[in-house]
Amino acid sequence: MASTSELIANPKERIYAKLGALAITRSIIFLYFSSFLLYVALFLLLRAKSFRLTQTLTLQMWGWLRAFSDLLTPSSFDTATWRSAQAGFHELLFAVIIVLLVGSWLRILWVLKTSNRDLKLLWILLGALGLSIPLLLLPGMFSGDLYLYMFYGRIIAKYGDNPLIVPPNNYPGDFQLYWIYWKWLPSAYGPVWLMLSGALSAFGGDGLWSNIFSYKIAVLILHVLTTVVVWLCARSITPEHAGWAAVFYGWNPLVLHETVGSGHNDVMVALFVSLALLSALRKRWLFAVFFLVAGSMVKLTTIVLLPSLLLVWLMGLESKRERLLALIKGIGVALVSGLILYAPLWAGTALFTNSLNNPAAQRYLNSLWELILMPIMKDYFPPPALDALFDIIRNSIFAVFFFCMLFLTAKKRSLQWSWIWLWFGYCLTLSWIWPWYFLLLIAVIAVYNRDLESSLGIALTLGGFLFWMGWPDPPLPAAPWLYYFRSIILLGPAIAVVAVPRIRSFMITLLGTRQVQ
């Protein structure tokens, strides 16, 4: 029978527990609305002409939105060019907003981890939708890729042609051609994305804004679906960690900006990679192979993750016969899936040649390799002899790293760990890289939830967002160093986390309680 003191103490403990839970809830709500206001501030700031953004026409389409923006922004935003002294101040404001955004998101993660609080999935998804509102309405984008997606979809929907074969400049009379930089390039994106693009462009019709909005809404839906799959993956490993993982990905500032804000199709790659991971965690290996191939039919480079998947599958089997049969099945499903997914827009070897001839495979941009070659490059092309030499060096380094990773994967037998470090190493050896390449990496990191890898995800988020201070070219007269060292801004924080123990320990402290590795 309980003592009198226990009977008195228990109600007090319950009251303290309720007050503690209320304080945690209030803290999360405060941080969430702080993040929302920071996204509104970002919306207002990116109106500034000095950022040289690709326009989305939101302010032109909606008078109430322009009136709201006019009320809260100075008139100099419309007049100060990138050559003005004010441009440097605008970049400083941008940096402050981004650091605060990442800080608010990180603090929410800290509260969730240290309090062992688990948010319900519904609230996480509603939160992601709320944070997306200012990003849907951004007056400009740092990248013009969305317009290229739209035109490739338009080639299918309006002209009935295949964008894997026919480039945009085959339609010189089309008014949307004005908005595209890469007019001469047939698509290097795979048929899975192109088929969705065709449907979205058909839905958007001839209206420029209706197309922009259709694509952004579609990308937002893909982002929500990916968040759900990340939650399911984490729930299958450690149920109490599922909410934290969903917030890590779903409320991630870089992910939200590059998906909802800029419309990048890498969110579809992240979705398929997450589905492949979920299938693998549930031991449905052939489904995992299919989803990974589907991701490669959005962007071919995703296929680099397939050997690790097959290896982890095979290492879980006991006999050589079982492994041989599994390998045959896996390769067979990969080949058949690829053919089926490619069939609607079949173009022979065009998808592969387009990828090899794409600027991403030929130029040096935003990478550490560009930083080395920058003094002797022209239009991001190094001299032919050095180009060939550096291609050999980069590819050789990645080949050695790739096989070392396979060896370590066979010992560790962790698919998440393998994919995280394999993709990070791949990013470091690329000659051409952009912040949206990190999206699938952040999704897998969210599921894995280990100190080092989570710290890596934070560093990639911060560096990936701050990178935009140094782009586009030519450099700002007020701060030219931002342009010249943009690869350091992009990749430096992540490399520092991996290489410098003190920085790594600091990141782990920001995350909350240290985990046993």
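The count begins at 1 with the first shown residue.
Backbone N, Cα and C atoms are what each Cβ position is placed from, and that goes for glycine too.
TrEMBL labels come from automatic prediction, so no person has curated them.
The transmembrane segment feature in TrEMBL is assigned to 21-46 (among others).
Panel annotation: around the transmembrane segment (92-110), residues 28, 31-32, 34-35, 38-39, 41-42, 45, 51, 244, 247-248, 251-253, 458, 461-462, 465-466, 468-469, 510-512 of the same chain, lying at least six beyond its termini, place a Cβ under 8 Å from a Cβ of the stretch. The transmembrane segment annotation in TrEMBL covers 92-110 (among others).
Positions annotated as transmembrane segment by TrEMBL: 122-142 (among others).
Taken from TrEMBL, the feature transmembrane segment covers 188-205 (among others). Nonlocal intrachain contacts for the transmembrane segment (188-205), taken as residues 6+ away from its ends with a CB within less than 8 angstroms of a stretch CB, comprise 149-150, 152-154, 156-158, 163-164, 211-215, 218, 265, 268, 294, 296-300, 341-345, 351, 354-355, 358, 360.
Cβ atoms under 8 Å from those of the transmembrane segment (217-237) belong to residues 121, 124-125, 128-129, 132, 136, 196, 200, 243-246, 248-250, 255-256, 259-260, 263-265, 267-268, 270-271, 274-275, 277-278, 281-282, 443, 446-447, 449 of the same chain, restricted to positions at least 6 beyond its ends. According to TrEMBL, the feature transmembrane segment maps to 217-237 (among others).
According to TrEMBL, the feature transmembrane segment maps to 285-312 (among others).
Look at TrEMBL and you will find 324-344 (among others) tagged as transmembrane segment.
Annotation source TrEMBL lists transmembrane segment at 388-408 (among others).
The list of residues near the transmembrane segment (420-448) in space but at least 6 beyond its ends in sequence, with Cβ under 8 angstroms from a Cβ of it, reads 143, 226, 230, 233-234, 237, 245-246, 248-249, 252, 254-255, 258-259, 262, 264, 266-267, 269-270, 273-274, 277, 295, 301-302, 304-305, 308, 359-361, 363-370, 390-391, 394-395, 397-398, 401-402, 405, 414, 454, 456-457, 460-461, 463-465, 467-468, 490-491, 494-495. Among the features that TrEMBL reports, transmembrane segment is placed at 420-448 (among others).
If you look up TrEMBL, you'll see 455-471 (among others) marked as transmembrane segment. For the transmembrane segment (455-471), same-chain residues at least 6 beyond its ends with a Cβ under 8 Å from one of its own Cβ atoms are 91, 94-95, 98-99, 101-102, 105-106, 142, 248, 252-255, 257-258, 366, 420, 424, 435-436, 438, 441-442, 445-446, 479, 482-486, 489-494, 496-498, 504, 507-508, 510-511.
Residues annotated as transmembrane segment in TrEMBL: 483-500 (among others).
Sequence-distant neighbours of the transmembrane segment (483-500) (same chain, 6+ residues past either end, Cβ-Cβ under 8 Å): 366-368, 370-371, 374, 424, 427-428, 433, 435, 452, 455-456, 458-460, 462-464, 466-467, 469-471, 473-476, 507. When the stretches 122-142, 285-312, 388-408 are ranked by Cβ pairs under 8 Å to the transmembrane segment (324-344), first place goes to 285-312.
With a cut-off of 8 Å between Cβ atoms, the residues of this chain six or more beyond the transmembrane segment (122-142) that come close are 32, 35-36, 39-40, 42-43, 46-47, 51, 53-56, 58-59, 65, 69, 213, 216-217, 220, 223-224, 227-228, 231, 243, 246-247, 250-251, 256-257, 260-263, 468, 471-472. Through the fold, the transmembrane segment (285-312) approaches residues 188-193, 265-266, 268-269, 271-273, 275-277, 279, 326-327, 329-331, 333-334, 337-338, 341-342, 351-352, 355, 402, 405-406, 409-410, 413-415, 418-419, 422-423, 426, 440 of its own chain, all at least 6 residues removed from its boundaries and within a Cβ separation under 8 Å.
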